[in-house]
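Structure, as structure tokens:
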Ligand SMILES: Nc1ncnc2c1ncn2[C@@H]1O[C@H](COP(=O)(O)OP(=O)(O)O)[C@@H](O)[C@H]1O
Ligand SMILES: [Mg+2]
């Protein structure tokens, strides 16, 4: 039976591999999203203690590489922002 | 100071307890002092696999709650003088393990033992996070199968964020232990290949443990497979993995690759 099976059924492992790659890249991304929104909130809170910033002018991005992730923080502070503390 | 290893996976039934016992006994056979610690509170099993179930008097929860001293709870292995077991309790109270209590026990164990191997419960809840919390090294036990690989990926993410090492900004050393590997299915193309799993999880390989009746036999007699039948294929794979953990450079071999054409045709039903 095993010999015939070999010819009849397509190998399933390559499909498993493909499905996993798609799924995990998606899941890793959404885990990063949770972390990024958390970081965003806390970073905003820290900055707001000292300078007035527009929440929309804070860009936070995470790039997940194989060994390290890079967190990019881009904050636009207007020239005339009210400085609360020196 | 001893080194703390967590044996973890996310998914249940992949071989964590089997691997904890086998690696613990293999390291102890190298004359190093080893403690294996069961974190599976409520569903303890490591005592059975070690063949010590009738000698359990106190457990880790008793120690944490101050009802017993650590040396009273540690059970010395009957076959290996320098192998000890710290059992889990059978309580259903999930909060019996406190973070502070676990920290105290780990710090004490590190002073007396060269290796502390923590058998993690399945899941990603409290028990699993406490088991990995103090680890220096993680052994991620994975079966070559989609749900196990996915859960391992989750666990790797947790190892990189929820452990003391991660919080201190240090790098957690992670190793993949591929267990229940069936060379017949791999040959047929119905099982994820070693390279596939490695590529997807991208952590270094500690070893490949073949699917084998010897594991079941060892659990029947209550001995780690590395003691029950040291010459069996899974035992030899665990011995190699233990040597790699100890820092030796041992080349990896894929179980079952040496079988000839005769084995290929007639070996299928037997395996
Ligand atoms: N290499 C193997 N070959 C055959 N059976 C195995 C192997 N590893 C584990 N098992 C079996 O799988 C089951 C689950 O193993 P266990 O170590 O208890 O997993 P976990 O602790 O991850 O839940 C047990 O019945 C065990 O005997
Ligand atoms: Mg278990």
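For all residues, glycine too, the Cβ spot is worked out from N, Cα and C.
Unlike curated records, TrEMBL annotations are generated automatically.
As given in TrEMBL:
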| type | residues | note |
| --- | --- | --- |
| BINDING | B:11, B:12, B:13, B:14, B:15, B:16, B:17, B:18 | ATP binding site |
| DOMAIN | B:5-224 | domain 'CobQ/CobB/MinD/ParA nucleotide binding' |
Using the centroid of the Cβ atoms of B:11, B:12, B:13, B:14, B:15, B:16, B:17, B:18 as reference, list every other same-chain residue with Cβ within 8 Å of it (recorded ATP site), in sequence order.
B:9, B:19, B:122, B:141, B:179
When you measure from each Cβ to the nearest atom of ligand 1, which of the binding-site residues B:11, B:14, B:16, B:17, B:18 fall under 6 angstroms?
B:14, B:16, B:17, B:18
Under 6 Å from ligand 2 by Cβ, which binding-site residues from B:11, B:14, B:16, B:17?
B:16, B:17
Counting other Cβ atoms within 10 Å of each residue's Cβ, which of the binding-site residues B:11, B:16 comes out lowest?
B:11
Give the number of CB atoms, excluding that of residue B:14 (ATP binding site) itself, located within 10 Å of its CB.
25
Averaged over the domain 'CobQ/CobB/MinD/ParA nucleotide binding' (B:5-224), what pLDDT does the prediction give?
95
If you rank the binding-site residues B:12, B:13, B:15 by how many other Cβ atoms lie within 10 Å of their Cβ, the lowest count goes to B:13
